[in-house]
Amino acid sequence: MAAVSLRLGDLVWGKLGRYPPWPGKIVNPPKDLKKPRGKKCFFVKFFGTEDHAWIKVEQLKPYHAHKEEMIKINKGKRFQQAVDAVEEFLRRAKGKDQTSSHNSSDDKNRRNSSEERSRPNSGDEKRKLSLSEGKVKKNMGEGKKRVSSGSSERGSKSPLKRAQEQSPRKRGRPPKDEKDLTIPESSTVKGMMAGPMAAFKWQPTATEPVKDADPHFHHFLLSQTEKPAVCYQAITKKLKICEEETGSTSIQAADSTAVNGSITPTDKKIGFLGLGLMGSGIVSNLLKMGHTVTVWDRTAEKCDLFIQEGARLGRTPAEVVSTCDITFACVSDPKAAKDLVLGPSGVLQGIRPRKCYVDMSTVDADTVTELAQVIVSRGGRFLEAPVSGNQQLSNDGMLVILAAGDRGLYEDCSSCFQAMGKTSFFLGEVGNAAKMMLIVNMVQGSFMATIAEGLTLAQVTGQSQQTLLDILNQGQLASIFLDQKCQNILQGNFKPDFYLKYIQKDLRLAIALGDAVNHPTPMAAAANEVYKRAKALDQSDNDMSAVYRAYIH
């Protein structure tokens, strides 16, 4: 491939991972965004989307030279919107160049004409002229600072240069220095991603105006929302150390992730064990975001789809761990988690010093503590990271990740957690995440049983179940979970999104957790009995909402 000469401001076609080439513009990255090591790359903002990324130079092509070629191979609606945004940007930039020189000439003529008409002939006229000149100077100073964000006539020139070439605008305070006129281009993009690639998330700030919005993004956002552009403020991720009332210290972090955006994947080799409802979605998102992944499952056929998508196949858990830097596992219960680590050709046989193991299974604190001890005893690093969510959230990369254990490993998993989830929390020492996950699922399982109980009570008392749902959706209990589960029940759709047998398992473990500290859990205990009845009715492999059937049989 012949070397391509590219520079700042060039329009390009950029290819990111498995996504098709997309039109973008080479721009300066934000100051706090480090350039990835390795091959030469440019920071590109993509037209028609809210994404930006570091793109390797070999994945970039000049826009105009390859325009026809790219349009032929991509016919999608969003792609066409992106191309339209490029053309609009070019049209506006061209119009700006033409009007800029015309305006400069008109300004000069107006100034000359004004001088001829304003020659002073008396003392009063001299005083008027003096006042007028003072106002003109003040306004000219303000014109350099005031660059309107709502203007549709923007080009590629800097704010300072545009202000010098255009006539003075509205009155205001003069600039203190030229630094006020230098606005990072990155402040114009809405909803940007967080993490190693983007390192921050853009959010609107109502108190500040947009100082200099990039025209093509301004055009796209207006065309989609029909609202004026607003300013976006960089918010860096923070780890917050919270001192609890008990005196113990827990480290918590809420890290926003790159939902539907671009992520710079870690250069570490990733392994993944367990391709069930949750694991399948997680692996799919890891691959989409460019991670190198080796997979294994007890059912070998489950690996085939991911091999086609670019994953590598591991023959045993031990082989996966020995060939990868960080290995994740997501299995059904404590017994499966132990067998995976301690069984024949298990994880423990592949552990070497500095090898990393992340258990994403929902298990009890004793189990995860035991696994951590045997991994660390071999020189490995351990992190527990159970996930809150369901199959759909897993597929969408919108899980909530609860992590505890090796803090450094948690940070090393950053790009992986961003690919698979919307938020991650670091909860301190091993066992904390397991306890928190069981409590979360205890609340969810109990709520689901209450929903089913309410729907059946409405039915037997002659009330409309749909009307009950409508009322609940208009009140304080309204949620996606409530609406989806009720709709599925009313439609008789119990396709598993979260297996009933697993929520019952989590209720059982949560009750045991309460017993261990002499804390009563009567609501969870009652819900657990209803789920046990549903299991007796052969509902184990249906969705948790099938607990409804325990009330009607």
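Heads up, the Cβ atoms here are built off N, Cα and C, so glycines get one too.
When the ranges 26-35, 66-75, 76-85, 216-225 are checked against Swiss-Prot, the one recorded as region 'Interaction with KDM1B' is 216-225.
The Cβ of K302 (SUMO2 cross-link) lies under 8 Å from the Cβ of L275, S280, each on the same chain and at least six residues away in sequence. Around K269 (SUMO2 cross-link), the same-chain residues at least 6 positions away in sequence with a Cβ under 8 Å from its Cβ are T292, T294, T323, C324, D325, I326.
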